[in-house]
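For reference, the structure discussed in these notes is given below.
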Amino acid sequence: MCGIVGAVAQRDITPILIEGLKRLEYRGYDSCGVALYMDGHLRRTRSTKRVAELSEQVAEDKLGGFTGIAHTRWATHGIPATYNAHPHFSAQGKDEPRIALVHNGIIENHEELRQELQGVGYVFESQTDTEVIAHLVNHLYAGDLFEAVQQAVRRLQGAYAIAVFCRDEPHRVVGARQGSPLVVGLGQNENFLASDALALAGTTDQIIYLEDGDVVDLQLARVWIVDQAGKQVERKAHTVQVHTGAAELGPYRHFMQKEIFEQPRAVGDTLQDIESITPELFGDGAYKVFKEIDSLLILACGTSYYAGLTAKYWIESIARIPVAVEIASEYRYRDSVPNPNALVVTISQSGETADTLAALKHVRSLGMQHTLTVCNVVTSAMVRECELAYITRAGVEIGVASTKAFTTQLTALFLLTLALAQTRGRLTEEQEAEHLKALRHLPAAIGAVLALEPQIMAWADRFASKENALFLGRGMHYPIALEGALKLKEISYIHAEAYPAGELKHGPLALVTEHMPVVTIAPKDALLEKLKSNMQEVRARGGELYVFADADSKIANAEGMHVIRMPEYYGALSPIVHTIPLQLLSYHTACVRGTDVDKPRNLAKSVTVE
């Protein structure tokens with residue numbers, strides 16, 4: 001959610017800090033700020049506007065320096081306001097500020113610490129839990145910032161990534177992480193901190209991924225890391241090539257539109273070099289794990305949860321293995337019955353989703369040790385924590401509403417389905433060849449659906465004036481209806497709900513009027529005739545149907561029923577293909593309504609706090 005950038009160098013780092021914040025804007029924020037060491041003093045500029053305006057303000061204030069930190073904030077404690085924006089300073093009494101600090105996460109015992117610090121004379125200027133950490137570090141400071149931070153984090157309960165520097169030690173930045181991502185960037189006589197390697201693209205490609213409990217001391221020519229026990233540790237540096245072109249719009253109006261149209265490439269890349277189905281696609285030892293398990297437990301949040309629901313249909317019908325799909329934030333607090341023979345599958349675009357990581361640690365504590373993740377970031381915490389992994393190749397996704405990450409997750413989960421089926425003797429050579437042929441044609445099939453954009457834009461003009469919408473699907477297309485409803489509400493702010501079409505008579509039909517658009521996914525599968533009956537129920541109540549129907553489904557335009565014909569029925573992979581028009585409908589409806597498509601209100605791209 002929030003973003004951190006920090007640096008210590010022998011050159012003016014202000015442009016690096018500002019550019020880093022710009023690269024982190026996609027994560028979502030409501031305020032931003034930068035602090036630097038200048039001529040023996042701490043100086044800062046903060047804003048509740050965009051980073052571009054902050055940059056102008058920094059130039060007007062003539063800020064510059066060799067040591068500093070910067071931050072984009074997403075409000076958790078305290079309203080979006082300049083006095084709550086980071087960086088926070090700490091001084092005792094009327095002294096000049098000595099400590100500057102930024103923080104991502106939530107400190108659960110901040111009220112207790114606040115009272116303690118107020119009792120020894122610290123005055124709070126904000127409503128944030130972050131200012132508590134700044135004052136705590138200052139209170140514990142006795143000439144060594146690294147030692148003060150180590151002492152301070154031992155007092156913190158909750159999740160955090162912090163970056164801090166001190167007026168009295170101007171060539172030093174200290175960072176720490178627990179449950180929130182933080183990376184170190186290595187340079188020549190300069191070093192950097194960030195919450196995401198993307199922030200350092202163009203500055204360094206040498207990245208160290210800190211682990212939970214790590215505290216790092218950055219100086220000009222030295223990086224020193226200690227673990228939770230205070231023991232010095234070595235963390236491997238990775239060469240990370242971040243393609244900065246992902247942050248360029250090109251001919252597109254928004255990043256979401258660009259990413260929708262990148263899906264043929266993203267799905268093709270995710271399938272790259274796959275010539276046959278084998279468990280080893282998911283890592284060494286996958287065959288043994290797949291033979292030992294008797295069920296799957298899928299843990300995910302948001303859009304990734306809907307990918308898991310879709311996979312349940314595939315895995316149970318093709319591989320014949322029972323599957324449970326759980327919302328990660330709920331599962332970890334539920335008194336569930338652990339099964340040590342289950343394969344736990346986590347799904348996350350970033351690999352840093354706090355609730356999913358916490359649920360993963362929870363199941364491992366219950367003795368469930370077979371773990372696999374489907375993730376878009378090879379260096380993420382989730383990949384490091386799991387026994388097996390499949391890395392999607394969606395590329396950087398900047399729009400808050402997930403598009404290409406979702407379809408590449410589905411692609412990877414279908415591969416998992418086939419690998420499980422093969423391991424259990426439920427996939428013949430002929431079936432494998434047929435499925436591989438369909439997968440290889442999938443990018444072209446998605447491209448054919450993207451060509452329907454002009455027709456979908458016409459629907460969006462009708463949708464834009466609505467305040468409610470209903471989405472219907474059956475079978476493996478029901479999770480796609482859920483995803484379609486989520487997309488519409490995320491970016492257009494139209495209230496939308498999704499139901500299995502067979503549930504209409506059990507409540508949702510009461511909402512159907514001539515003012516309620518009903519979006520229906522109508523593939524030519526075994527449930528089509530049942531779905532047609534559900535559609536007639538909507539028409540009989542005056543509802544207006546918007547139907548995505550396969551070409552040979554014999555559903556035609558009529559009064560109260562608008563039909564867009566999909567190019568072809570795509571069998572088991574139909575849910576992936578039917579996702580695309582729902583993305584386009586949501587996108588163009590939001591455009592007509594004039595919302596901030598890439599940065600919808602109140603939402604963040606990467607949810608790294610619980």
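Yeah, the Cβs are placed from backbone N, Cα and C, and that goes for glycine too.
The structure displayed is predicted, hence computed values, not measured ones.
The active site, nucleophile feature in Swiss-Prot is assigned to C2; the stated evidence is sequence analysis. Look at C2 (active site, nucleophile): DSSP puts it in coil.
Residues or ranges marked as domain 'Glutamine amidotransferase type-2' by Swiss-Prot on the basis of sequence analysis: 2-221.
Feature annotation from Swiss-Prot assigns domain 'SIS 1' to 286-426; the stated evidence is sequence analysis.
Under the heading domain 'SIS 2', Swiss-Prot lists 459-600, citing sequence analysis as support. Taking the domain 'SIS 2' (459-600) as a whole, pLDDT averages 87 in the prediction.
Residues or ranges marked as active site, for Fru-6P isomerization activity by Swiss-Prot on the basis of sequence analysis: K605.
C2 (active site, nucleophile) is surrounded by 29 other CB atoms, counting those within 10 A of its CB over all protein chains shown.
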